[in-house]
């Protein structure tokens, strides 16, 4: 993942919060139980938290309210600008992405919501290998994202979106890199993590991986 999605992020920045509130019918199911998904990620995190894809700051705010020390990473200038307006004065968001970032301190938990699918499976593998080097034993990765049980589940979801006339959603599912649970499980395990997957809506699962 380089900067190829930054234009999309900048365009989406000013309408993102309306998306997560379910105002776009095509993405209503993707963002179903959005607040509960964020809370679940917060509850599974601890200590110093590195957040990738801060976006407009929704998860960041909940992490801060829960007493976490948060280091935010966000590639989009527009997203960073909106997030800074919503977050406490003085909170710093650093430009970067899942693979290119600076770590200012010891990290206990790495979190992200609705973003890891911007990486190819090969890039996901490289990222998790990198995080494995950052985390001590007991450290965690907690990612919430659209992921599929298997190829059949993915194919059925794309077909259903097309049948419902949700062509933007179908195109999104076919353009980005939404992976399968067995692939992610293999990536986590080979990099020294024990991982569990919890489904929170039709699309989104929370991946909780603990460094062994």
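For all residues, glycine too, the Cβ spot is worked out from N, Cα and C.
The annotation in Swiss-Prot ties 74, 97 to S-adenosyl-L-methionine, and of the candidates under consideration, 47, 53, 67, the one tied to the same site is 53. Cβ crowding, taken as the number of other Cβ atoms within 10 Å, peaks at 74 among the binding-site residues 74, 97. For residue 53 (S-adenosyl-L-methionine binding site), the number of other Cβ atoms no farther than 10 Å from its own Cβ, over all displayed protein chains, is 23. Residue annotation for S-adenosyl-L-methionine gives 53, 74, 97. The furthest Cα pair among them is separated by 7 Å. Apart from 53, 74, 97, the S-adenosyl-L-methionine site neighbourhood in this chain, defined by C-beta within 8 angstroms of the site C-beta centre, holds 52, 54, 55, 73, 75, 76, 79, 96, 98, 115.
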